[in-house]
């Protein structure tokens with residue numbers, strides 16, 4: 001199926017036999033596994049040049065253009081090991097056994113793929129922080145991939161040896177993909193400002209939060225690059241929001257459900273912009289796993305919900321906030337010049353201790369890259 005994909009699929013087991021049934025084809029593999037494939041599924045995934053444009057490797061065939069009761073006229077295993085299907089409308093399809101096995105949807109194949117799916121490594125105070133050298137990440141794709149896998153699975157990483165010139169962050173972020181611009185710019189400077197338009201641009205304590213919860217899609221990755229940090233105070237604290245959500249689910253399941261099921265509004269009220277988004281603090285994916293944490297108390301609108309739910313929701317919200325402060329979850333470090341944080345902003349909450357701007361200069365630069373770009377880059381590097 002090379003024409004339909006840029007990846008290659010190893011031959012785990014050859015096809016031993018194939019037979020049609022009323023609505024599809026059943027194949028038996030040499031290792032004994034049996035996989036059914038339905039007619040519409042097979043026709044929908046035909047990789048031939050008439051069904052897939054070989055230049056873009058994108059499908060041009062539409063399954064709605066064939067009868068829903070399309071039938072197999074003949075099925076064989078070709079000399080090259082492919083599954084060959086002759087359709088009753090005269091079309092022919094051939095499927096590479098490696099591709100077919102990788103996409104089989106019998107119960108055993110689905111279970112294998114679920115077990116091999118990347119899983120988040122939840123962490124607490126004792127995190128063994130993944131640390132990488134900036135030069136190696138910039139020059140070596142294997143190191144780049146190792147770093148990106150840590151960002152994906154752990155959610156918090158640090159780089160050393162980053163040049164301390166303003167803008168040095170841009171080439172690093174672009175090793176992944178393009179930078180996501182916001183109303184704070186392509187790059188944003190984190191330092192104390194007299195006319196601050198965000199609490200981040202002050203010197204006082206910044207509580208644990210995710211950035212831009214006011215957006216429909218929060219930025220996936222956040223970079224914070226230290227150019228100079230001579231001020232007293234200003235340590236960084238991180239917590240794994242997924243670990244806290246799991247602890248809350250076990251310790252207070254009713255509170256967990258409220259934070260998953262109840263949407264609340266977040267607002268960013270600037271002099272020149274007004275961003276608003278309504279979403280739950282804890283978002284789940286289709287399998288019930290935590291997909292996203294959305295929390296910044298200083299960007300939260302007054303709660304609006306049924307009066308009977310309000311008291312319990314406040315208890316749940318307070319419980320989550322209190323858990324972010326518990327030492328068992330908190331990982332605290334000071335970032336020095338030439339070092340950089342890269343973390344999953346939709347999972348990891350970050351905070352900053354107050355600092356004394358009169359004691360020395362403190363200048364960070366930051367930017368965002370969407371999580372989709374991270375996952376795409378990983379898949380390309382793994383080809």
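Residue positions begin at 1 at the first shown residue.
Placed from the backbone N, Cα and C atoms, the Cβ positions cover glycine too.
According to DSSP, residue 46 (Zn(2+) binding site) is assigned to coil rather than to any helix or strand. Neighbour list (residue 46 (Zn(2+) binding site), Cβ cut-off 8 Å, at least 6 residues apart, same chain): 52, 61, 91, 93. Per Swiss-Prot, Zn(2+) binding site is recorded for 46, 48, 51, 91.
Spatially close to residue 211 (Fe cation binding site) yet at least six residues away along the chain are 218, 219, 222, 296, 345, 368, judged by Cβ distances under 8 angstroms. According to Swiss-Prot, the Fe cation binding site annotation covers 209, 211, 350.
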Could you round the CA separation between residue 48 (Zn(2+) binding site) and residue 209 (Fe cation binding site) to a whole angstrom and send it over?
50
Taking every protein chain in this structure into account, which of the binding-site residues 91, 209 has the most other Cβ atoms within 10 Å of its Cβ?
209
Residue 209 (Fe cation binding site) to residue 51 (Zn(2+) binding site) - Cα separation in whole Å
48
10 Å Cβ neighbour count around residue 48 (Zn(2+) binding site)?
15
